[in-house]
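According to TrEMBL, the features are:
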type	residues	note
TRANSMEM	6-23	transmembrane segment
TRANSMEM	44-63	transmembrane segment
TRANSMEM	75-92	transmembrane segment
TRANSMEM	104-124	transmembrane segment
TRANSMEM	130-152	transmembrane segment
Amino acid sequence: MWLPMLGMTALPHLGGLYGGYITRKEVKTWYPTLQKPSWRPPNAAFPIVWTCLYTGMGYGSYLVWKELGGFTENALVPLGLYGLQLALNWAWTPISFGAHKLKLALMEIVLLTGTVGATMVPWYPVSRTATLLMAPYLTWLCIATSLNYCIWRDNRETKEE
């Protein structure tokens, strides 16, 4: 059972690595030109936070998978929603940092946040631990959504292409 645990825990990091590749250039060129709220976390916090969140959500998905006996019919909704939120998570960085589409990124992160909440609902009866591992992620997404909104609001005339 070590291989599924390691694989499912590592899976979210794949999108994080790709997102980091996109962000690396933009955080030095485009991102500094944006108006940002004073309360935003420092740039150095983001990779640390996302590493913890990806690890927690990945391990949570393993716990759900294990409790439901793998990719069974019973796992379709809980793991299907998880897969959807993961795809939405991975899509946000190319939209925001890659394409500089702040409004579209805002709409996408609102959908992502709702999908994470929806994922937690069928997870709860399966594994409370897995659900609790998603709680920091949902909290961070609420902060990120607020940050995305403020950046869009304060830059929509000049910076959004």
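In case you wondered, yes, glycine gets a Cβ from its N, Cα and C as well.
What TrEMBL says about a protein is an automatic prediction, not a curated fact.
As the structure is a computational prediction, the values presented were derived from the model and not from experiment.
Relative to the transmembrane segment (6-23), the listed stretch 44-63 leads the set 44-63, 75-92, 130-152 in CB pairs under 8 A. For the transmembrane segment (75-92), the list of distant contacts is 11-12, 15, 18-19, 57, 61, 64-65, 68-69, 105, 108-109, 111-112, 115-116, 118-119, 122-123, 126: same-chain residues at least six beyond its ends, Cβ to Cβ under 8 Å.
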